Structure formats: structure tokens, C-alpha cells
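Engineer: Let me begin by handing over the structure; questions about it come next.
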Amino acid sequence: MGCFSFFCGRDSKWNEETSTAKWRVFSLKELHSATNNFNYDNKLGEGLFGSVYWGQLWDGSQIAVKRLKAWNNKAEGEFTVEVEVLGKVRHKNLLCLRGCCAEGQERLIVYDYMPNLSLHSHLHGSHSRDSLLGWKRRMSIAIASAEGIAYLHHHATPHIIHQDIKASNILLDNDFKARVADFGFAKLIPDGDSHVRTNAKGSSGYQAPEYAMYGKSSESCDVYSFGVLLLEIVSGKKPVEKSDLMQKVSITDWALPLAREGRFIEIVDSKLNDDYVEGELKRLVLVGLVCAQNEPEKRPAMLEVADLLKGELKEKMALIESDEMFQPGSGTISRDHTEVLNENLDSLTKESVEEVKEAMEIEKTET
Ligand SMILES: Nc1ncnc2c1ncn2[C@@H]1O[C@H](COP(=O)(O)OP(=O)(O)OP(=O)(O)O)[C@@H](O)[C@H]1O
Ligand SMILES: [Mg+2]
């Protein structure tokens with residue numbers, strides 16, 4: 001079976017028409033019937049907000065239904081309006097929302113089904129051994145994701161900060177083209193659910209330091225997360241991995257010294273079996289590191305990131321290459337922040353931010 005006809009998900013035809021389907025309200029009965037009563041066999045995965053099920057509508061088109069956890073008590077009308085607003089945001093690299101359902105306690109969101117599931121499943125999950133992500137696909141996923149996020153930041157009205165860029169929120173269609181999923185999701189969480197809000201926004205290892213520490217969210221926090229994602233796409237490593245000494249090492253702290261010494265080939269995923277384009281590899285690593293630097297004001301905007309990845313900004317790329325951060329012997333990217341953060345990544349909430357800040361102050365005065 002050729003790669004292009006290989007679907008990791010359900011084995012039937014993906015309906016091209018779904019991507020142009022109009023947004024609408026679904027009845028609970030219809031979604032029960034489409035998902036075989038939310039049968040366990042239909043379950044595609046589970047996130048912080050609930051479970052996602054594969055389904056098929058009466059017209060044969062395939063859908064993915066996110067069934068939100070019971071804590072979502074947003075009023076029916078309010079929920080429907082917000083999902084409708086998100087449903088109007090359309091771009092070839094954004095996952096299309098087909099509609100929603102709000103009946104009684106149930107809150108569900110209906111999406112196009114993506115037959116090749118998430119980037120996470122190919123890099124680290126159930127499909128990582130299939131090695132379906134060659135260099136060309138990785139490059140195309142990086143550029144398409146950048147374009148999707150750039151659209152949210154610069155063209156959608158109102159502008160949308162994603163707040164949860166990560167490999168499981170990059171989904172892959174039948175041609176392995178990337179679609180950014182779960183944008184604007186923070187809006188759908190009721191204001192009262194502060195615990196869920198704090199934990200939901202941004203995932204471990206992808207969070208910009210200023211967001212982890214001060215809860216300050218902006219487009220540049222997405223740029224940081226995207227930088228981590230780029231390094232993940234190139235290396236096949238997770239955003240935070242355990243070292244031989246069982247210490248947590250962030251992907252940026254691992255990749256930066258190698259990039260400074262020009263040892264790019266040591267960063268690339270061994271699953272690629274040396275099948276990559278050297279110039280593109282270098283570009284992805286440098287852009288990833290520039291995006292995932294600590295100072296938000298030094299990170300590029302997403303529109304620029306997309307152009308850099310496409311190789312369209314040669315002068316800017318040359319400037320990046322000669323930037324101080326890539327000179328051998330300069331200080332590490334994020335030493336003072338990440339040492340503290342890595343220890344706290346899993347449990348960091350706004351409440352613990354003050355403790356982290358205090359710890360950093362003490363550390364600074366002691367050195
Ligand atoms: N439209 C879709 N088509 C195919 N698979 C999907 C779709 N939406 C979600 N999935 C699968 O379901 C899994 C769970 O998705 P979900 O968004 O609930 O969780 P998550 O992305 O892991 O975390 P988070 O809750 O932070 O978004 C995803 O990893 C993906 O594999
Ligand atoms: Mg998700």
C-alpha cells in the first residue's frame with residue numbers, strides 16, 4: 001500500500017467534502033448514532049477537556065466528536081455562539097469545526113475527522129514505529145503549522161492566541177498536510193473553572209517562561225511553543241526528556257549547544273536514516289531556537305516565522321545565524337529560568353509562581 005493511500009485511522013474513504021461543510025448545530029441523538037453511543041471502540045483519544053470519538057454521519061462523512069467533561073457548565077446558548085465564532089475561522093491549515101451540540105449537561109464539538117491523527121502519535125505515540133514522517137513531510141508540517149498559527153495571530157478577526165500549541169494539537173489529513181487544532185479553546189472553558197483554566201492553557205515543556213511564571217499570555221507565548229514544536233519535529237525528541245542522570249532536560253537546552261558548534265546532524269531524528277536536506281535542517285533548528293528564547297521581545301512574529309521556514313527571508317536568516325545566541329561560548333539560552341522551571345514544569349500553577357520567583361531571586365543574590 002502506497003504512503004498516500006495509507007491512513008492510520010479508520011479504514012474507509014475520507015470525504016473531501018467535509019472540509020467545506022457548513023457549520024451547524026447537531027442533536028445529541030444524531031451524535032449518539034454517529035459514534036455508536038460513544039462506544040469505546042470509537043474512541044480516538046483523550047485530553048484534558050474530554051474524550052474524542054470517531055463517527056460517521058448519515059451521509060457517510062466522517063467526523064471527530066469531542067465530548068467535554070461534565071465541568072463545562074457554560075450556558076447552552078453561550079457555548080453554541082462561541083463555537084460558532086470559532087467555526088467561522090477558516091484556513092487550509094486550521095482544523096475545521098463542523099458544529100456543536102449543547103443539550104442538558106452535554107457539551108460536544110464536532111470536527112472534520114483527520115485520518116492520519118496527530119503529529120504526536122507519529123513522533124512519540126502509536127504510529128512512531130511506522131516511520132511515515134520523512135523529511136519532506138516534516139518540512140511541510142512545520143510550514144503549514146506556522147501558516148495556520150500566523151493566520152490566527154494576524155488575520156483572524158478577532159485575533160486568536162492559541163495558548164496550547166503542541167504536537168497532539170497538530171492533526172494530519174489524508175495527505176499528511178497539517179491542521180492546527182483546538183485554537184480558541186480557552187474561550188470555551190467557563191470562567192469559574194480557574195483550576196482547569198490554569199492547567200489547560202499551555203502544556204508542560206511548551207510553555208513560555210513568562211506565561212509559566214506570570215500567567216502573561218500573548219502571541220509570543222505561541223511563538224515560544226512553536227519553537228519547541230519545531231525542535232521536536234526535527235529531532236523526534238519530546239519537549240522535556242530525562243537525561244542519563246535522570247534529570248529533566250528541555251529540548252532547547254539540549255539543542256542550543258549543538259547548534260552553536262554547528263553539530264546540526266546530531267540534532268536530527270535518527271529515524272530519518274540520514275535522509276534530510278542539510279540547509280533546511282539548519283533553518284528549522286535555528287528558527288526553532290530563536291522562537292523558543294526567553295525574551296519575548298526577541299522572538300519573531302509568526303508571519304515572519306512562516307516566511308523564514310519557507311526560505312524566503314535570506315537576509316533575516318543570515319542575521320539570525322550571526323546572532324549572539326549562536327556564538328560559541330555565549331551563555332545558555334535559558335539557564336536561570338529553565339533550571340527552576342524544569343523542576344516545576346508538571347505542577348506549575350499561578351499559585352506557585354510567587355514561590356518560583358522567590359527561589360529565582362534567592363538564587364541570583366547567592367551567585
Ligand atoms: N479531528 C480529529 N481527527 C482525528 N483525531 C483526532 C481529532 N481530534 C482529536 N483527535 C485525536 O484525539 C486525541 C485527543 O485529543 P484532545 O484534543 O482531546 O487532547 P490533546 O490534544 O491530547 O490534549 P488537549 O486536551 O490539551 O487538547 C488527539 O491526540 C488526536 O489523536
Ligand atoms: Mg487537542
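Heads up, the Cβ atoms here are built off N, Cα and C, so glycines get one too.
Take a look at what TrEMBL says about it:
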type    : residues : note
BINDING : Lys66    : ATP binding site
DOMAIN  : 38-320   : domain 'Protein kinase'
Engineer: Restricting to the same chain and to sequence separations of six or more, state which residues have a Cβ under 8 Å from that of Lys66 (ATP binding site).
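Structural biologist: In sequence order, the residues whose Cβ lies under 8 Å from that of Lys66 (ATP binding site) (at least 6 apart) are Phe49, Gly50, Ser51, Val52, Leu108, Ile109, Val110, Tyr111.
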Engineer: Grab the pLDDT values for the domain 'Protein kinase' (38-320) and give me their mean, rounded.
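Structural biologist: Averaging the confidence scores along the domain 'Protein kinase' (38-320) gives 92.
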Engineer: Once the DSSP letters are reduced so that anything not helix or strand counts as coil, what is Lys66 (ATP binding site)?
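Structural biologist: The three-state answer is strand.
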